[in-house]
Structure formats: C-alpha cells, structure tokens
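What TrEMBL says about this protein:
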BINDING   67, 71, 158  Cu cation binding site
DISULFID  67-71  disulfide bond
C-alpha cells in the first residue's frame, strides 16, 4: 500500500515538472526575464549600479516622473547642488534617478526626465521586482494609490531621500528631502573626501 502512495506522489511530481517545462518553452506564456537588481535600463543602455570598476560615489534619488511636487523639487535641488560644487567633486559622483513606477516610466522616459534637470543625472528603471529589491535594500517606502476619475490613474506615495552609495552598493549616508541645496552642497565634499582617502 505504501508503495502505491509513493508511486502516486512521484507521478504527481513528475507531472508538475513536465507541465512547468512545457510552459517554460511555450512562447505564448509571457515571462518577465530575471536580472539582478543592479542591472537597470537607462535610455537604450543597461547600467550596472554596482559596477566596482566605476569608483564614483552613487548619489541616488528614488521617485517617479509623474510625481507632482516632491520629485521635481528634489531633482531641482540635486541639479543646483551639482552646479554649485567644483568639477573635481562632480567627477567623483554618479547622480542617478531611479523610477519607482516601472509600469509607466520606461527607460527612455526615465532618462529624458532626469536629463531635463541636469544632463549628468542618469535616469533609470527596471522590472517591478528589481525596483522593489532596491527599495527594500535601502528602506525606500512606496505604495501605489489609485485615483478615481483621474487621467493619471494612480500616484506613487513615497518617502524622499538622497542616498550616497559606495560602488559596492553599501550605504554611506542618506539625506532627507530638502527645499534648497545647501545641505547637499555641504555633505558632498565631506563624503567624497572620506571615501577617496
């Protein structure tokens, strides 16, 4: 009797495995490709957020392009800070805008949006899984809230910080949303000096 149960269990597992393999090869069943969270898309390029051959400090802001107020203010502050610091310090930074709304913000849209504020800001996006993994890693809180009778359908409510990261992805420091660039301008030379010494 126990052998019959064993045979039935094996048959069930084999059947499920066969179904999985058939589905995996079925072109009509769409599957999202998996990429590690550090490989994001910007324009027509794939960028490696944690490429350790690039020793620049990552200065990252998470937001989305249809954000009505906080994101444009923060990116304007970032742009002003970048323009205010010496070129030697700018060369040590990689400013990056990462979209929390990959459904609407394509790689091209994200890149164009970031470049509107400053040509040196990389605008990037990824899959929902990648964005969630990055957000979870750095404590970025965000949630999609549906809007009734609105053309934009929904908003992404999120916290607002600037994240300084090492090339390995390790968090150095985070600064909260601010209305003027003075705090960023003061922090950048300290962080770049500490990391590069």
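Cβ atoms are placed via backbone N, Cα and C, with glycine included.
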Other than 67, 71, 158, the chain contributes near Cu cation (Cβ within 8 Å of their centroid) the residues 62, 63, 64, 70, 74, 100, 156, 160
Report the member of 67, 71, 158 (the binding-site residues) whose C-beta atom has the most other C-beta atoms within 10 angstroms.
-> 71
